[in-house]
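Peer 1: One structure is given below, represented as structure tokens, and several questions about it will come after.
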Amino acid sequence: MVWLRLWAFLHILAIVTLDPELKRREELFLRSLGFSSKPNPVSPPPVPSILWRIFNQRMGSSIQKKKPDLCFVEEFNVPGSVIRVFPDQGRFIIPYSDDIHPTQCLEKRLFFNISAIEKEERVTMGSGIEVQPEHLLRKGIDLRLYRTLQITLKGMGRSKTSRKLLVAQTFRLLHKSLFFNLTEICQSWQDPLKNLGLVLEIFPKKESSWMSTANDECKDIQTFLYTSLLTVTLNPLRCKRPRRKRSYSKLPFTASNICKKRHLYVEFKDVGWQNWVIAPQGYMANYCYGECPYPLTEILNGSNHAILQTLVHSIEPEDIPLPCCVPTKMSPISMLFYDNNDNVVLRHYENMAVDECGCR
């Protein structure tokens, strides 16, 4: 189970330097969490405010003991288990110029490398482009967004690129982020050959009373323009409907040598993960420890199999061991982190914290 690997690995890692064997264990554990290797962000982008907001909402729900749906993003009302934000890696085609009366503020090619999305994942939402100039435009702008396509010319054996208009809107006041629905486009971009990016054009609003100040407005737009792409994906292999589990009563306090939950706080700084784990800084993982003596009482939360095993152990103690103290109820945690491509990711990981223990 994930928590067992986590506890054993972190417990050792916290007190010794990684030798080859521990390095291998770390790699295996990270792989089980969906990483190809240990992330090492060089110039990590800032965490988008929307991800901080969602993370804090989920932390509040966990404090209130609300069980989250690991395969549904309530904040966007779509199926999904992973939220990613991809920064724009494009370039300006026509940057701002010092024309006295500019007719176009800027033209920029937008490109989002979504190769971090695994082949098994299904894109359930592409929230579009977050256009965040962080500047209040006094008179508004005209905005156009195009998709870049590759068109094959019939009978000529070659192709050319063209643009398909996606959005054409006028914004009177732009003082907050803009989002456009690009779900279908993101789904097609999972084929890298089809990801030719987008083109963003911004024009000053055509009002003669404002054209004299358009230079300053356009210059500010380019200076403060920030674009990113937010996606929600669902991995069907990891989002199978869980089987109904037998419910057990909560364990009361028991003697120190009896099977029960023990406290274990994992601080990511202690194991050298603080560079890529953004939040939380640590969490209460807990673990199970203690004896499962014969006869098993109700407070030890034993299964039918464990009860029978203790009976057989009483007859053949040399051959049959006592049941083990293991988790019977676990809960997930949300983690905000940088992935192997320096993208900011918010993800639920199930079975990360022990809530109750019993003999099995």
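Just so you know, glycine gets a Cβ as well, placed from its N, Cα and C.
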Peer 1: Quick one: which of Cys239, Cys259 does Swiss-Prot link to Cys325 by a disulfide?
Peer 2: Cys259
Peer 1: Taking Swiss-Prot as the reference, Cys357 is linked by a disulphide to which residue in Cys239, Cys288, Cys292, Cys324?
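Peer 2: So the cysteine paired with Cys357 in Swiss-Prot is Cys288.
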Peer 1: Looking at the disulfide bonds in Swiss-Prot, identify which of Cys186, Cys218, Cys359 pairs up with Cys292.
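Peer 2: Swiss-Prot says the disulfide from Cys292 goes to Cys359.
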Peer 1: Could you state the CA-to-CA distance between Asn301 (N-linked glycosylation site) and Cys359 (disulfide bond) to the nearest Å?
Peer 2: 6
Peer 1: Roughly how many angstrom lie between the C-alpha atoms of Cys259 (disulfide bond) and Asn113 (N-linked glycosylation site)?
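Peer 2: The Cα atom of Cys259 (disulfide bond) is 49 Å away from the Cα atom of Asn113 (N-linked glycosylation site).
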Peer 1: Fill in the CA-CA distance, Cys325 (disulfide bond) to Cys288 (disulfide bond), as an integer in Å.
Peer 2: 6
Peer 1: Quick check on the glycosylation sites Asn181, Asn301: which one has the highest count of other Cβ atoms within 10 Å of its Cβ?
Peer 2: Asn301
Peer 1: When you measure from the Cβ of Cys357 (disulfide bond), how many other Cβ atoms are you left with inside 10 Å?
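Peer 2: Its Cβ shell of radius 10 Å holds 25 other Cβ atoms.
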